Amino acid sequence: QVRVWVVEGLGVRMEASQKEHRGEVTHLALSSSEKRVLSCSGDGSSILWQLPELERVYKLTAHTVFLGGTVLTSGEMATVGSDGSVLVWDHEDGALLADLPASTRPITTITSTTDDSTLVTAGEDAVVKVWNWNKGRVTHEGRGHSGAITKVSLSPEGDVLVSVGKDGALLFWKIP
């Protein structure tokens, strides 16, 4: 179930609630405008919601279990999943724009720079990949984890990446 909560001072109230996913919600990504949120689920679906009313814009389905996603300011979304692909979608109509093979293992996390020029992915192969998604290619790879990477996050300036993995390591990477 996806819920929108409003925090006012010390009080909290539920603004909206929707139950369209049939499985556990595994990831949420808020657009930079804070007007839309992308939810990913273990049921194999990903839904783009309009905020604050939590109205479904559309539901994405693919040949993967969605494990993560990000909403790009340029009008696209990118998702990652169990099949090792990075899928880039049109933000307005949900059309698939690109299917980028990233790994033979599940990709579990994705983030993007504020100018949307670069995507960063990681997953069970323990490799951080920096992408120029417009060209559909990996520009840099980083290895340092001894196990699956569970989360990547970029600094606001987009020049430092932090990754954390099942190996317990927290690694900092300089983004070129």
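Even glycines carry a Cβ here, placed using N, Cα and C.
According to TrEMBL, the protein carries these features:
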REPEAT    18-59  repeat 'WD'
REPEAT    100-141  repeat 'WD'
REPEAT    142-176  repeat 'WD'
Tertiary contacts of the repeat 'WD' (18-59) (same chain, 6+ residues out, Cβ under 8 Å): 1-4, 6, 65-71, 73, 77, 79, 91, 93-94, 114
Long-range neighbours of the repeat 'WD' (142-176), counting only residues six or more past its ends (CB under 8 A): 108-115, 118, 120-130
Taken over the repeat 'WD' (142-176), the model's mean pLDDT: 94
